[in-house]
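Right, one structure below, let's go through it.
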Amino acid sequence: LQGIFVLGLPYALLHSGYSGLLLIVLAAALCCYTGKILIACLYEENENGQLIRVRDTYEDIANACCKKLSPNLGGMVVNVAQVVELIMTCILYLVVSGNLLSHSFPHVPVTEKTWSIFAFVTLLPCIFIRTLKIVSKLSQLCSLVHFVIIFVVLTYCLTQMHQWSWAKFRLSLEFEDFLVSVGVIIFSYTSQIFLPTLEGNMKNPGEFRCMLNWTHFFACILKTTFALTAFLTWGEKTKEVITDNLPSFLETPVNLCLLTKALLSYPLPFFAATEIVYSCISKDNHSNYRSPLLALTVRGSFLLLTLLMALFTPHFALLMGLSGSVTGAAMTFLLPSLFHLKLKWKKLSFLEKCADISVFILGFLCSLAGIVCSIKGLLEVFG
């Protein structure tokens, strides 16, 4: 899910300057930490002091924390947040698809919104996806295309090293633009909703913490390198989607590869979102859970919703910043730290409690400020 949104990181550096580099590193460290404490919430000690996995999903953790208020309240909140984040991801794929088609064929008298509709038409077969097997094959193709795109962009940037200048970085920042950049950077790291399933399917779950350390370390290195080299190449001319800065002989083929990746990536968050809705429906009405008509209705409604949102908010960076500030911050920082404090309070050391509280406060402030600034930016654009 993160791959295509890495293309927005150079634009985030444009508005955050040197602090953006620090933010990329800090976000990686914080996301790694919250991933670990989230998984810790899946386990409880038995009578012999051994850790036993007593919960399986993010929803289970939320329900355990809110069981005194309502048995299913926490799970409902988490499910809503997950669905919103996944749907926002789908919307972003449509927005960027319209943007890519528009820049790939600039001489065709078609608006960006119309291009998004054309992209939407190619996604209609998603209505008939019933298993994760098909989605996994599409995701494998996405990974291959993603590496090709990043390699091409980095190679071109390295050929322009003679033009690089650290003077392109801002020393003074616009506070509101900076906060939108925070949301973009956070969104590029969000993966917490998949971690419980990932850890549960590992051959050796004991290696999860080590795996998380290394993956976030390499993600941080790669994202910093990519964002830095791209920004040093184009400076103030850096655009929302960095491939728009490429010369014409590279822009069109790279944009078409990126378009292919975006369209192939769409089914994964779309399938995950509909499955969450199905699981909620099944708890209330088992007979209609696998009704073909219900399945088509839900999937069709989700597809239409993503199209309408993409048409009304056709601004990649602002929408990405808003998503990162709302669901990204909640699922990545706020809820893991809150749940960890609730479930493990008696066993946490003073420093661990301080760390969780600090992460919660930081996430809350960033989320609140990012929401206000992103919405203000969108209103100004519409105005």
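A Cβ is built for glycine as well, from the same backbone N, Cα and C atoms used for every other residue.
Lifted from TrEMBL, the feature list:
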- 2-375: domain 'Amino acid transporter transmembrane' (DOMAIN)
- 20-43: transmembrane segment (TRANSMEM)
- 77-95: transmembrane segment (TRANSMEM)
- 115-132: transmembrane segment (TRANSMEM)
- 144-166: transmembrane segment (TRANSMEM)
- 178-198: transmembrane segment (TRANSMEM)
- 210-234: transmembrane segment (TRANSMEM)
- 293-312: transmembrane segment (TRANSMEM)
- 318-339: transmembrane segment (TRANSMEM)
- 359-379: transmembrane segment (TRANSMEM)
Residues of the parent chain within Cβ reach of the transmembrane segment (144-166), under 8 Å, 6 or more residues beyond its termini: 3-4, 6, 225-226, 229-230, 232-233, 235, 242-243, 246-247, 250, 254, 257-258, 260-261, 264
In contact by Cβ distance (the transmembrane segment (178-198), the transmembrane segment (293-312); 3 or more pairs under 8 Å): no
